[in-house]
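Now, the feature entries from Swiss-Prot:
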{"type": "DISULFID", "residues": "C43-C69", "note": "disulfide bond"}
{"type": "DISULFID", "residues": "C47-C71", "note": "disulfide bond"}
{"type": "REGION", "residues": "33-36", "note": "region 'Important for inhibition of KCNQ4'"}
{"type": "SIGNAL", "residues": "1-23", "note": "signal peptide"}
{"type": "SITE", "residues": "K27", "note": "site 'Important for inhibition of KCNQ4'"}
{"type": "SITE", "residues": "K68", "note": "site 'Important for inhibition of KCNQ4'"}
Amino acid sequence: MEKKIIFLVFLVALLALPGFISTEVIKKDTPYKKRKFPYKSECLKACATSFTGGDESRIQEGKPGFFKCTCYFTTG
């Protein structure tokens, strides 16, 4: 019984591994002209509309800069 549980845990981990490897995080800048230093929430919305068609769940992080936002998002 214990060997079956260990085997199932190993199998699930093995099946989940390609999903972690296949996602690529991309870093791109997008201009933000409404504010000199935008809020983080404004950067997340700007990144989502610029690169993912409004899908905020694919945005990892949005870092504010001087009239820009640095966006980290996943493909797929």
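Each residue, glycine too, has its Cβ placed from N, Cα and C.
This view paints the features noted in Swiss-Prot onto the structure.
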| residue | record | DSSP (3 states) |
| --- | --- | --- |
| K27 | site 'Important for inhibition of KCNQ4' | strand |
| C43 | disulfide bond | helix |
| K68 | site 'Important for inhibition of KCNQ4' | strand |
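All chains included, 26 other C-beta atoms sit within 10 angstroms of the C-beta of C47 (disulfide bond). When other Cβ atoms within 10 Å of the Cβ of C71 (disulfide bond) are tallied across all protein chains shown, the result is 23.
Each residue in the region 'Important for inhibition of KCNQ4' (33-36) gets a DSSP state, and the totals come to 0 helix, 0 strand, 4 coil. Nearest to C47 (disulfide bond) in space, judged by Cα atoms and limited to the recorded positions K27, K68, C69, is C69. Across the residues of the region 'Important for inhibition of KCNQ4' (33-36), the predicted structure has a mean pLDDT of 91. Distance between Cα atoms for K27 (site 'Important for inhibition of KCNQ4') and C43 (disulfide bond): 13 Å, as a whole number. Non-local contacts of C43 (disulfide bond) by the CB criterion (under 8 A, 6+ apart in sequence, same chain) comprise Y32, G62, K63, P64, C69, T70, C71.
Each of the recorded sites K27, K68 was assessed for Cβ neighbours inside 10 Å, and the highest tally belongs to K68.
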